[in-house]
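If you check TrEMBL, you get these features:
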| type | residues | note |
| --- | --- | --- |
| DOMAIN | 341-464 | domain 'PROP1-like PPR' |
| REPEAT | 185-219 | repeat 'PPR' |
| REPEAT | 220-254 | repeat 'PPR' |
| REPEAT | 290-324 | repeat 'PPR' |
| REPEAT | 325-359 | repeat 'PPR' |
| REPEAT | 360-394 | repeat 'PPR' |
| REPEAT | 395-429 | repeat 'PPR' |
Amino acid sequence: MTSRPRRLPAPALPSDAAAANLLLSILRGPDPARLLAAGITPTPALLQHLRPALHALPESALPAIARWAGAATAVSLLASRGLFAAAWRLLLSSPSPAPPLAAFAPLLRRYARLGRATAALRAFRFLRRHHDRYTVDDEGDESSSATAVSPLILTVDALCKEGHPRAAVQLVEQLRREDPGWAPDVRTYNVLLNGWSRKRRLDKVEKLWAAMRNAGVQPTVVSYGTLIDALCVMRRPDQAMDLLEQMRDEGIQANLLTCNPIVYALAQAGRFGDAHKVIEKFPLYVVAPNISTFNSLVLGYCKHGDLAGASGVLKSMLGRGISPTARTYNYFFMVFARNRSVELGMNLYNKMVNNGYEPDRLTYHLLIKLLCESNRLELTLQMIQEMRTSGFEPDLATSTMLIHLFCRRQQFEEALAEFEHMFERGIVPQYITYRMLMKELKRLGLFELVQKLTDLMRSVPHSTKLPGSYRDKEGDDAIEKKKSILQKAQAVSDVLKECKDPKKLKLQSPEETDVEAADRIVTSIRRRVYGDGCSIETMVL
């Protein structure tokens, strides 16, 4: 048996656990207001501990949570658990001063995410009627002024980001009908443009753009950036380049958010010459390419299998003083994994580490996939150990690939050991992995291991779904059963087709019982499928 590195137990975090227990004990106690004096910092980990316990907390604990973590965070927690009534009570019962308008944003977003656009619109109407129920932070910055941040912007933004731009447009149109003197500003148009762009409705984006220009609303760089991104997503980079020139003519300063999508779209289309020409024109727009610009080129070259071109971009990056990231290298590793180029992949990995660049989790996933599919067990185990050393514990994908590799090498005991380690780490293996391992253990007669594997899977809830391709490979019985069902269905169809007059289709005579009628119909169908000489008794025997 090949020795492999054992996983060291993860260090416990007593401070987090103790803080979570203290937090819940205070909130469930007689005086939740003591939470502010407890010295507990509202970290994301603590909020995760708090989220599932919200249903069981007393009503008096909610104001304490709002003072401790902030009103917006408290409302977001309650809305994420579907406690909308509690969230509204918290917001409306707050003593002076009133909660900030931003505290209502999580409610609007959660309503929209659940498809409850009507509820979001009711919340908007409430906020529009009751200005005294919220405050707007205004520290002299335009982005936080009442004009920029309003109930309308929050509502339209929530609807658009959660996939309901049509409802947002209808709201704006309704407001225009109610007040003919009111017109949406450029920020409202920008949010609506972004909403249709997210839905990939270029026709709606172009229609809204034309309406904005006809209304005399001057677009901003955000407006142009949204339209350019929509065009690039729909693979129309040439129109996007025309918009860059239009921006220049109108005196609007371009930025990377307007230029990089064009480079990405051209690279994805394999138009590398045009992509490089666009980058050469960046100085005309007073824009300098960044890591995202070059990553788009590297991805495009790797997608089209041109590793020489991707390497040239990498050298150009280094020449400009731009350091590649793990994502840059991952594009190369994707090609190596697809082509099973183990030597090239390991050489690049060694250069990456030796030059001081840190791999991320995806880097290790791609390399482990490459090594597993190339049947390189020793290198796979070494890479998993380096993955742990870098602070990334093996996850479901990593362990599944390793188990499949062990099975291909007929090392079923090692595969079962890794299966057990997944449970120790709190990971439930995929059902297809369980079935594959179970089938091989049964074939080898290792019934003790079969029972052990069965007990492990029974100990946790798990899905029993399998891919259709896997079911076809389970054996000839399943295929024959499907054929038999189809033949019987065809026989029933033929019987119904031959009988033109429904009155002549006597399924049951007055003297027949239900059982006799059923037997007669089944016999007729089986004769058509198996031949006239087949009787019920023969089929049963």
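For all residues, glycine too, the Cβ spot is worked out from N, Cα and C.
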Exercise. Roughly where does the repeat 'PPR' (185-219) sit in mean pLDDT, to the nearest integer?
Worked result: 95
Seminar exercise, completed: Grouping DSSP H, G, I as helix and E, B as strand, the residues of the repeat 'PPR' (220-254) number 26 helix, 0 strand, 9 coil
Exercise. Counting by DSSP, what is the helix, strand and coil composition of the domain 'PROP1-like PPR' (341-464)?
Worked result: 90 helix, 0 strand, 34 coil
